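Visitor: Below: one structure in structure tokens.
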């Protein structure tokens, strides 16, 4: 909450009312009465994603003692605003590109999944932004994310479920770019401190995310049962590895819940790109193990070396929690695509597919960084 409460009262409520009025008017013109039918997504699947985004990420970001209540409350605010904006952006793109309109439940599920990018970005600027800035960042980011995703779909022919899994990469690097424009709070500052109670709430958010992550990875997948199966094994392997590495990498040989807080989810982030196509569970388990390793070792290297050099203050560690595992998952998808290629596929065709996937990965990060700097 900003220190100037009079300024807060004179700006934030009117911005929220203005945005909601714009959304209502656009919904009136863009949506017909039968838009809520024809979806192939069940309500329980949507409910799992909704719980994950609201409960999971709401508690996940509640680790700063001064911002515990604000994290959960503002998380709900930006999600409900962002979901409406996301549905409108999807509808506008469908209208301009003359594509078939999707069912209502599928569109709102995709909007909730898209909001993961914004919630991840808000974790990078936690404790440094006021509600006005968060709302502006939400609207800008969700618009840019949809434009980036449609570029990947139309020009690079990336499947819809794969392009949606770029939320982790986009959210992490957009948030880091925005965070680089803010000054880093002092280590002794009350804004940068946590308490056992706030850390317990944050760990509760991790448990919510861990439980619902298979639904998140499978809700838009073609083969949902396979995606759930592989995601669970990747999450299990990353959680087990997180406990082992936490003990091995600390000087006193004790568990650090900050390691578990980040690395337990890394397997779900990494396997999201290929969860629907992995044939054997041991592949998913290897990806989960590597994701946990890169998260814990990356947290040490980034916080000691890269972040101070670039003057980036990553409040909740979104770079090594979502950014690095997301990059690993995108590269793993390219490797699996190469391995699974049939022998009769021409070398040129295989190289083209590899370059298309690498291009989508690089495009997502580039757009996130450039627009994040501008937004910051």
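Glycine too: its Cβ is placed from the backbone N, Cα and C atoms.
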Visitor: Pick from 134-151, 152-169: which range has transmembrane segment per TrEMBL?
Guide: 134-151
Visitor: Ranges 12-31, 172-191: which does TrEMBL label transmembrane segment?
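Guide: Result: 12-31 is the stretch TrEMBL calls transmembrane segment.
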Visitor: Hey, which bits of the same chain come close to the transmembrane segment (12-31), Cβ under 8 Å, at least six residues off its ends?
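Guide: Result: 77, 81, 84-85, 88, 91-92, 95, 131-132, 135, 139.
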Visitor: Taking the domain 'Ammonium transporter AmtB-like' (17-375) alone, what is its mean pLDDT?
Guide: 86
Visitor: Check for me, if you would, whether the transmembrane segment (43-64) reaches the transmembrane segment (282-306) - at least 3 Cβ pairs under 8 Å, residues 6 or more apart in sequence.
Guide: no
Visitor: With the transmembrane segment (200-221) as the reference, which stretch in 134-151, 227-248, 345-374 has the largest tally of C-beta pairs below 8 Å?
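Guide: Looking at each of 134-151, 227-248, 345-374 in turn, the most contacts to the transmembrane segment (200-221) are made by 227-248.
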Visitor: Using a threshold of three or more Cβ pairs below 8 Å, and leaving out pairs closer than 6 in sequence, do the transmembrane segment (134-151) and the transmembrane segment (345-374) count as in contact?
Guide: yes
Visitor: Is it true that the transmembrane segment (108-127) and the transmembrane segment (318-339) have 3 or more CB pairs under 8 Å, sequence gap of 6 or more?
Guide: yes
